[in-house]
Amino acid sequence: MDKPLLSDNIVDAVVDYKGRQVLRSNKGGWKSAYFIIGMEVAERFAYYGISVNLITYLTAPLGQSTATAAENVNGLGLLTLSALLPSLSTADFIHPNKIMLHSTHQLQVILFFLSLYLVAVGQGGHKPCVQAFGADQFDGLDPEECKAKSSFFNWWYFGICGSAAVTKLVICYVQENLSWGLGFGIPCVLMVVGLGVFLLGTRTYRYSVKEDEKSPFVRIGRVFVAAVKNWQRTTPLAIIIEEEAHVTLPHHNSEQFKFLNKALLFPDGSKEEGNICSVSDIEEAKTVLRLVPIWVTSLAYAVVHSQITTFFTKQGATMDRTIFPAFEIPAASLQSFVGLSIILVIPIYDRIFVPIARAFTRKPSGITMLQRIGIGMLFSAIGIVVAALVEMKRLKTAEEYGLVDMPDVTIPMSAWWLLPQYVLSGIADVFTVVGLQEFFYDQVPIELRSVGLALYISIFGVGSFLSSFLVSVIEEVFGRDGKNSWFADNLNRAHLDYFYWLLAGLSAAALAPYM
């Protein structure tokens, strides 16, 4: 009886750190995922400790203009050293000879930009891979581990959002009121701690085994090339091969992107072993192609998402943010309500909503990944509509109190009016962002999972670019001849509400084809 039990306990296609077969009971699973999530919590704390308040550092200690600083924001240890150099220069390098002070400042700037480039390179290699590695600790073919894998994406996002919320509340205060060196040094130390936590889990991790010698890029690329070459071929052999595809592939898969089935036919009409693409190669190509419409229709969500750190904050800066006498919450700190709402909603989603939904749908994740993404898109659209309504209320209040031409005067309207749009943004993230992470991981070949997550990340990169493009076009069209544009410096004469209504329309326009 021992051998069958041992065989059933072996996880296929993975090995441990010494290349040995992995037993389900002692490698991978949550015991490994905790190390990876812990490391990521520290990494996100370090990243947000740098990025959230970076523009203030550039315009204050480094003395850059606002425009130049904004360009340079778009990127650890060296960053801490560059922040410490101003204190070194004032303490040890004050000298009648100003050349020494100037050279110290130049060294500070050089170290700063070198550190940003290192951060950018590190992010490019780290971010798409670490989440895929964490999800690989669960076997998707095992019913219980399949449930755990879906739950992993929830708790992964819970961890990084909690870390980001603490960073925005604590590190920004340290940087602006105590020391920039300390403010960058704390994230640096935590990043070292995070690396240590990750390495502690080395003996527990599962490592995927590469089954095919050919690169997945080569396999998928060959399918598209062969399909193009056979575009107009309708020989009897091609028809027979397409019938084979119907038998081998599920009916839906064989009918979808049917033109790729022609990759089964070699251009000279032969069907020798090794000369044609396999059915599995074609299915991989179709899988990647299926991501395209999801990627495109998710861009509107990403455009709305990018407003949280820009125009939402601008709204809050004009409103009454007094918590108690003599204390006013910074406008940027309002962003923490997105993270706090995520921290509150994820446990409810994972522990209450999913089990209830699972009882009805019989699906391990409760609802499908695409349903989850769509629900989040709906919440996002509602959130931007609420933002437009609040902005209309803010403009009306400014007009009623005669403050339209007094942009530096606080409008007598509580910043708590903004809370619904921040909370709705957080709820939308719980559904759409986590759903996209899981979908782009799950729907690609095993060897391409980190690439799939990179594609997910690119949605938000392109979305931010599209947001900037929209703002530029609107500014050019409505800001000519000295007229107040939608984004006038005097926000009381601007029309952010128009922009929000436009984004609401774009969200609806994207949601319809997505459905």
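Any Cβ shown, glycine's included, is placed from N, Cα and C.
Note: TrEMBL annotation is automatic and uncurated.
Copied from TrEMBL, the annotated features are:
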TRANSMEM  155-174  transmembrane segment
TRANSMEM  180-200  transmembrane segment
TRANSMEM  329-349  transmembrane segment
TRANSMEM  370-390  transmembrane segment
TRANSMEM  422-441  transmembrane segment
TRANSMEM  453-478  transmembrane segment
TRANSMEM  498-514  transmembrane segment
Considering the transmembrane segment (370-390), which listed stretch of 329-349, 422-441, 453-478 counts the most C-beta pairs under 8 Å: 422-441
Recorded stretch that, among 180-200, 329-349, 453-478, has the most CB pairs under 8 Å to the transmembrane segment (155-174): 329-349
Top Cβ-contact partner of the transmembrane segment (422-441) among 180-200, 329-349, 453-478, 498-514 (pairs under 8 Å): 329-349
Distal contacts, the transmembrane segment (329-349) - CB-CB under 8 A, six or more residues away: 52, 154-155, 157-158, 161-162, 164-165, 168-169, 172, 308-309, 312-314, 316-317, 321, 323, 415, 418-419, 422-423, 425-427, 429-430, 434
